[in-house]
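Per TrEMBL, the features are as follows:
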DOMAIN    103-225  domain 'Phosphatidic acid phosphatase type 2/haloperoxidase'
TRANSMEM  20-50  transmembrane segment
TRANSMEM  70-91  transmembrane segment
TRANSMEM  103-122  transmembrane segment
TRANSMEM  159-177  transmembrane segment
TRANSMEM  184-202  transmembrane segment
TRANSMEM  214-233  transmembrane segment
Amino acid sequence: MNTEFLRTYGRASRVIHARFPIIFPMIALLIVTGLLELTGLDLAISSLFYDVQTESWPLSDAEPWQTIDEYFIFPGVILGIIATIAGAIACIRWQWNDRARAAVLLTWVLIIGPGLLVNASLKPFFSRPRPREVTELGGPKTYQPAFGFGDQVHHNSSFPSGHASIGFFLIAPAFTCRKRAWRIGLLSAGLCYGSLMSLSRIVQGGHYLSDTIWSLGILYVTCWAMATLILAVQYQRTRPFVLAIPDEAPQILRKAA
């Protein structure tokens, strides 16, 4: 990666940052995570949905949470499939218009965010026990905070939330829009949708609040990074072509004449 592209990437990052701030949301995420753990709210919020007398999660199989848990992943998956097909067609036709860039962004955000980072890397790495698995809430395992390591490695752990990540994937279309009203509308819709999926996982004992907000953070950063990269590539493609002529060229041309 040459210095010219780094400068172009820096220029693109300033443009994207003006639309979608990155520093403040990440600081806020770290502060909220710390407060959830220091105050015990992370475990306390999950305990609200656990029935001590029956030692069960009453809302686990109740509606609408069961339907949300089973079917609300499909809009994100379908959007990703459509984007992948559209992106592949654009590549075959050598197109690089707004639609092609949007398709590429959505495809790679889905692959990197919910795919590689959340489900393939972080969940098996941390192996955090789910709320329904810890001793405080009727399970056999020891409670671990966010970024804490579980007693044994398994690929379906609590941190971060896979369902929440595919729900918050619906914020990605906002990063493809130039008009501010569309960005705000799509971002708000994606946040509401992901929050609803997050709530369904919390009431069922599948995740802590910290699991879900970190899924949002991961998706937000992934969208931001991909939007910046695609804009930087666009800047590189549209910059004027300048023929590099060495300083001694005029003298050589005069001698040749």
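Using N, Cα and C of the backbone, Cβ positions are placed for all residues, glycine too.
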Helix-strand-coil residue split for the domain 'Phosphatidic acid phosphatase type 2/haloperoxidase' (103-225), DSSP-based: 86 helix, 2 strand, 35 coil
The domain 'Phosphatidic acid phosphatase type 2/haloperoxidase' (103-225) [mean pLDDT, rounded to integer]: 93
